[in-house]
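As given in TrEMBL:
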- B:39-266: domain 'ABC transmembrane type-2' (DOMAIN)
- B:44-63: transmembrane segment (TRANSMEM)
- B:70-94: transmembrane segment (TRANSMEM)
- B:129-146: transmembrane segment (TRANSMEM)
- B:153-178: transmembrane segment (TRANSMEM)
- B:184-203: transmembrane segment (TRANSMEM)
- B:244-263: transmembrane segment (TRANSMEM)
Ligand SMILES: Nc1ncnc2c1ncn2[C@@H]1O[C@H](COP(=O)(O)OP(=O)(O)O)[C@@H](O)[C@H]1O
Ligand SMILES: [Mg+2]
């Protein structure tokens with residue numbers, strides 16, 4: 001079997017520049033049919049640009065991509081028949097009601113008036129928006145708007161769905177709902193490409209994770225592979241007295257198997273095995289080092305990046321606004 | 001990698017009948033918006049009504065000696081001014097679709113590339129007909145007399161729609177280039193307002209200073225206002241109608257290609 005039949009999305013060497021910015025610098029990715037691929041990266045990494053190219057909204061400067069065997073540039077019309085897109089920012093018509101938004105899409109996709117209304121009702125009920133069906137979308141809360149946006153991209157029962165940061169800015173409850181929805185879709189056989197800034201989200205939903213930074217793929221693998229490379233969790237230790245830092249550092253390094261990162265008196269190290277925590281506690285106790293803070297928590301994207309690239313994931317959009325510092 | 005193994009055979013493009021249906025669906029959408037956006041309905045209805053009533057009763061006596069005479073002179077001008085203002089809304093709506101992401105959603109659908117624009121223009125044409133009819137109807141109630149017969153009225157409608165369509169290409173271009181809907185509105189104010197007021201739409205040319213008269217006489221708004229006056233009142237219209245159409249063709253010839261190119265770049 002070649003890649004085209006096993007994979008719903010295949011991209012090779014995608015390059016996209018905006019003026020001086022290279023948003024994508026040769027991105028390869030492949031998403032197997034019926035699976036979720038998590039595209040993980042910090043702000044400005046190129047996630048949205050990649051999604052827009054795969055959704056036929058942007059043409060790549062170089063490289064190629066196909067969806068369901070159709071080229072996203074040459075066969076854009078066919079690709080559009082296969083895909084659903086939920087962008088980073090909700091793109092519903094705010095002046096229309098929820099149901100009108102869905103009827104609009106249904107009609108554009110060739111459904112009859114009655115079919116479009118029926119499909120709209122069905123989706124609104126599925127996403128718990130039936131009470132708000134006849135309210136204009138501008139009266140919706142952020143979470144409701146996201147759900148309506150997602151419903152709009154599902155009207156045509158797409159085989160391939162793009163979700164660009166579907167949970168960014170949502171409260172934990174809405175986030176959990178969104179995750180359930182994605183799981184349901186995948187169990188119906190939909191292929192999902194999901195972008196996210198949260199390792200936890202990619203870990204929960206995706207069969208495969210592609211980490212990008214500065215428009216380049218810096219790691220690919222299953223969540224387990226990635227976690228074993230970078231540590232799913234981070235152990236953080238702060239000695240009570242700064243003088244104890246060296247001894248704490250050596251104990252943590254011995255137990256965790258790699259040197260911790262020191263930042264403002266806090267020592268952090270990615271760990272794969274939760275048993276590290278009690279082990280560290282025991283060793284610190286034996287050494288009689290008083291501890292100010294000790295915790296095991298999920299690794300942030302920042303820590304994943306640190307482990308993968310040796311540098312912290314900087315937020316490029318913020319960087320650009322910062323004036324250059326001139327040394328005194 | 002081979003690309004031959006497409007899973008499903010799908011049509012390569014949209015056929016013309018489908019394209020027309022997409023256009024109608026998107027026109028429906030623009031018209032349904034009115035239902036939920038009373039402000040826009042206000043723009044389309046209350047504003048013209050206010051213009052007719054205020055101009056007639058406030059300026060009528062001063063400009064023409066009587067409100068009735070003034071109405072006969074100014075109503076066609078008010079219709080023209082309103083039509084030109086209304087064609088700017090095409091740009092405002094287009095821009096809000098672009099900036100709010102609705103356009104991206106539409107572009108990700110397997111629909112005719114031209115449909116979002118064509119649907120909007122079609123809906124705006126319907127709104128134009130409504131506004132023109134409203135002003136004309138109100139004018140008649142207040143004492144405007146139509147002597148041009150059915151042909152005259154129909155001719156005026158068609159001419160106004162053709163001219164607005166031409167002007168709306170300018171609006172489309174501005175709508176595609178502006179970074180937010182408010183900027184399109186500002187453009188309308190800065191350009192359309194002076195353009196319509198330095199015409200004979202509301203005030204006869206001979207009351208103006210000589211240097212201004214020179215401009216007013218060649219202002220397309222003047223020519224269109226005279227054409228509509230002629231058509232509605234049954235007076236001499238042919239020259240003005242032809243000149244108006246030439247203006248419309250010229251505006252469209254310049255702006256339509258630029259606007260279409262700008263549109264294609266975003267589609
Ligand atoms: N239309 C555009 N014009 C100019 N620069 C852009 C444009 N879109 C994205 N960029 C730049 O490309 C880079 C990648 O952006 P994006 O794909 O939006 O990243 P992400 O979605 O991962 O946050 C950023 O530096 C961004 O500023
Ligand atoms: Mg993004």
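Here, residue 1 is simply the first one shown, and the rest follow in order.
Glycine too: its Cβ is placed from the backbone N, Cα and C atoms.
Curation does not apply to TrEMBL; its annotations are automatic.
Same-chain neighbours of the transmembrane segment (B:44-63): 34, 69-71, 73-75, 78, 81-82, 86, 127, 130-131, 134-135, 138-139, 142, 202-204, 207, counting only residues six or more beyond its ends whose CB sits under 8 Å from a CB of the stretch. In this chain, the transmembrane segment (B:184-203) lies in contact with the transmembrane segment (B:70-94); the count of Cβ pairs under 8 Å, excluding pairs fewer than 6 apart in sequence, is at least 3.
The stretch with the most CB contacts under 8 Å to the transmembrane segment (B:244-263), chosen from B:129-146, B:153-178, B:184-203, is B:153-178. Using a Cβ-Cβ cut-off under 8 Å and counting only residues 6 or more beyond its ends in the same chain, the transmembrane segment (B:184-203) has close neighbours at 55, 59, 63, 74, 76-78, 80-81, 84-85, 88, 91-92, 95, 171, 174-175, 178, 212, 215-216, 219, 221-222, 225-226.
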